[in-house]
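The structure appears below as structure tokens.
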Amino acid sequence: MALVDIKNVTKSYGSIEVLKGVSLSIDEGEIVTIIGKSGSGKSTLLRCINALERIDGGEITVEGQPVRTDMPNLRGFRQRVGIVFQAFNLFPHMTVERNITLAPILNKRIAKAEGRALALDVLARVGLADKIDAYPAQLSGGQQQRVAIARCLAMGPQLMLFDEVTSALDPELVGEVLKVMEDMARQGMTMVLVTHEMGFARNVASKIVFMHQGRVWEEGPPADLFANPRTPELRSFIASAR
Amino acid sequence: MRSFSLADFLSLLSALQWTGVLVLIALAFGAPLALGLALMRTSARRALRWTATAFLQLVQGVPLLGLLMFFYFGMPVFLGVEMPPLVAVGIAMTVYTASFLGEIWRGGIEAVKHEQWEAAACLGLSTWHQFRYVIAPQAFRMALPPTVGFLVQLIKGTSLASIVGFVELARAGQLVSAATFQPLLVYSIVAAIYFAACLPLTLWARSLEARLNGAR
């Protein structure tokens with residue numbers, strides 16, 4: 001059974017239909033990259049997987065459990081499905097350690113010392129153990145985004161969603177974040193990314209999903225999709241994306 | 001008739017204590033109510049928002065003097081409840097404080113970016129924990145300067161309690177003035193005492209504003 005199963009999902013904002021019957025399945029350990037023009041519905045789809053957006057039709061299941069904004073144990077679900085945002089969304093009034101340990105301390109009632117050890121562990125995985133006592137404002141954008149990833153990892157998620165996580169970064173900082181994500185991919189984390197980083201999509205993803213006008217236009221392994229786009233839309237998208 | 005003496009000055013100063021008592025009562029009871037109103041006003045539930053809004057419209061549309069009159073003179077007439085001045089004034093100041101602080105704090109809560117709620121929710125925090133640990137501290141920082149500013153309004157507002165015969169600084173000024181026939185001198189001193197009590201707060205509010213703006 002697939003880890004994530006998306007069937008015929010529709011979603012509208014007012015009179016604008018952003019998802020027009022999207023179906024997609026994601027297996028454990030897969031790295032799925034969703035590409036497409038802005039307005040194609042890719043971020044919305046990602047947010048629906050985490051129950052941040054209510055879907056109007058169809059169904060999304062994660063581990064067989066239907067995902068809904070009013071699902072039972074939504075909080076437990078959110079701890080298993082982490083999300084990293086374009087704008088980092090760190091808590092500016094807390095140190096890096098507190099950003100990371102807040103949820104485990106409140107939700108899992110771990111002790112403070114245990115929290116610090118956990119923070120050091122996940123920070124080591126993003127290469128920022130020395131920043132544990134810093135405040136977000138003292139970090140570069142790339143470092144902040146790596147802390148956001150570490151904060152997510154601290155929940156021990158089974159699936160991680162990345163919503164254009166490098167789009168707000170200066171070009172020279174993109175690499176350090178992508179490297180962290182590559183490491184996670186190598187360690188077997190199931191990941192779904194919305195991204196404009198075609199290099200990452202080509203080299204790391206196990207599956208590419210090209211969305212266009214609220215639909216999954218094409219999907220397949222990157223080598224296939226990039227070498228032999230079947231639709232003119234994908235062909236022109238690839239051509240325009242450097 | 002006697003002339004203004006040191007004893008009169010000391011009696012004014014001791015009346016300042018009662019001004020302080022009124023401020024403390026207003027804050028002790030008004031602040032928790034204000035927090036409740038701010039939460040109701042930012043709630044997702046329409047009924048809560050409307051209830052709080054109706055209350056705020058009502059209270060903010062009436063001058064503080066009107067509130068004092070209502071609780072002191074009106075309550076015995078409407079409800080048959082006789083209230084000592086301290087209680088009537090205390091309730092009026094509490095209601096007044098709750099409505100204005102409530103709106104200031106609502107502004108603070110709404111000034112925190114929506115994404116902060118979202119990020120906290122995505123970590124599996126309960127709605128209360130989202131507010132308590134993520135939103136409230138940031139909202140508090142932003143609302144602190146206007147909160148201190150309101151405190152100045154509150155201190156000056158207590159002078160209206162003199163209307164119902166409650167002896168705080170302004171009322172004490174009336175009494176001393178009547179006894180000495182030196183209203184200009186007495187009221188100038190009363191004004192100076194109010195000014196001295198408010199100035200540190202005003203300066204504090206200004207420095208907070210400068211500091212918090214710089215930190216952002």
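Using the three backbone atoms N, Cα and C, a Cβ is placed for every residue, glycine included.
Per TrEMBL, these features apply:
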DOMAIN    B:12-205  domain 'ABC transmembrane type-1'
TRANSMEM  B:20-40  transmembrane segment
TRANSMEM  B:52-74  transmembrane segment
TRANSMEM  B:86-105  transmembrane segment
TRANSMEM  B:150-172  transmembrane segment
TRANSMEM  B:184-205  transmembrane segment
The transmembrane segment (B:86-105) in contact with the transmembrane segment (B:184-205), cutoff 8 A, at least 3 CB pairs, sep 6+: no
Remote residues contacting the transmembrane segment (B:52-74) - C-beta distance under 8 A, at least 6 residues beyond either end: 37, 40-41, 83, 85, 88-89, 91-93, 95-96, 98-100, 102-103, 157, 160-161, 163-164
Spatial neighbours of the transmembrane segment (B:150-172) far in sequence, C-beta under 8 Å, 6+ residues away: 11-12, 14-16, 18-19, 21-23, 26-27, 64-65, 68-69, 72-73, 85-86, 88-89, 93, 96-97, 100-101, 104, 190, 193-194, 197-198, 201-202, 205
